[in-house]
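Q: Sharing a structure, written as structure tokens. Questions coming.
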Amino acid sequence: MASHDQSYKAGETMGRTEEKTNQMIGNIEDKAQAAKEKAQQAAQTAKDKTSQTAQAAKEKTQQTAQAAKEKTQQTAQAAKDETQQTAQAAKDKTQQTTEATKEKAQDTTGRAREKGSEMGQSTKETAQSGKDNSAGFLQQTGEKVKGMAQGATDAVKQTFGMANDDKDKDHFPTNRH
């Protein structure tokens with residue numbers, strides 16, 4: 001009977017061992033499941049943190065880009081304003097120079113007219129006093145007066161920029177070539 005007892009005890013031991021093994025496997029499975037859930041939670045937390053960081057970086061990049069855009073617009077506007085001011089100053093200076101040139105031309109024209117009138121009067125007086133002189137003398141005087149009048153006319157034309165370069169080249173040489 002010993003063998004039957006031994007067999008019974010062996011079966012009993014085996015049953016207990018199997019039960020304990022199943023309990024240990026159950027505990028290991030529970031712990032594995034808990035570890036799995038904990039790992040999933042950690043992964044989700046990391047994913048959420050990464051998403052938040054990426055969103056914050058995206059927003060910061062957008063803010064920086066917007067600030068750069070605004071700064072560029074401000075700089076462009078300032079450059080535009082400066083250009084307009086410079087152009088206006090140049091326009092004003094040109095108008096002043098034009099006005100001064102016009103006044104000088106009018107003054108020169110007035111003086112040329114006076115000189116021409118004086119020459120005409122002088123010619124008239126010379127002609128009257130020299131009526132008795134020979135025709136050659138009168139012709140010579142007339143040519144001189146004509147030359148002086150032509151010189152005054154050319155000076156006025158040159159002042160107004162109406163001179164023909166080829167015609168007046170001998171009287172008013174220029175450095176333009």
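Glycine is treated like the rest: Cβ placed from N, Cα and C.
Pulled these from Swiss-Prot:
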REGION    1-177  region 'Disordered'
COMPBIAS  28-39  compositional bias 'Basic and acidic residues'
COMPBIAS  40-89  compositional bias 'Low complexity'
REPEAT    53-63  repeat '1'
REGION    53-96  region '4 X 11 AA approximate tandem repeats of T-A-Q-A-A-K-E-K-T-Q-Q'
REPEAT    64-74  repeat '2'
REPEAT    75-85  repeat '3'
REPEAT    86-96  repeat '4'
COMPBIAS  90-117  compositional bias 'Basic and acidic residues'
COMPBIAS  119-142  compositional bias 'Polar residues'
COMPBIAS  164-177  compositional bias 'Basic and acidic residues'
Q: Same chain, outside the compositional bias 'Basic and acidic residues' (90-117) by at least 6, Cβ under 8 Å from its Cβ: which residues?
A: 149, 152-153, 155-156, 159-160
Q: What residues elsewhere in the chain lie close to the compositional bias 'Basic and acidic residues' (28-39), defined as a C-beta under 8 angstroms and at least 6 residues from its ends?
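A: Sequence-distant neighbours of the compositional bias 'Basic and acidic residues' (28-39): none found.
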Q: Please work out the mean pLDDT for the residues of the repeat '4' (86-96).
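A: Average per-residue pLDDT within the repeat '4' (86-96): 90.
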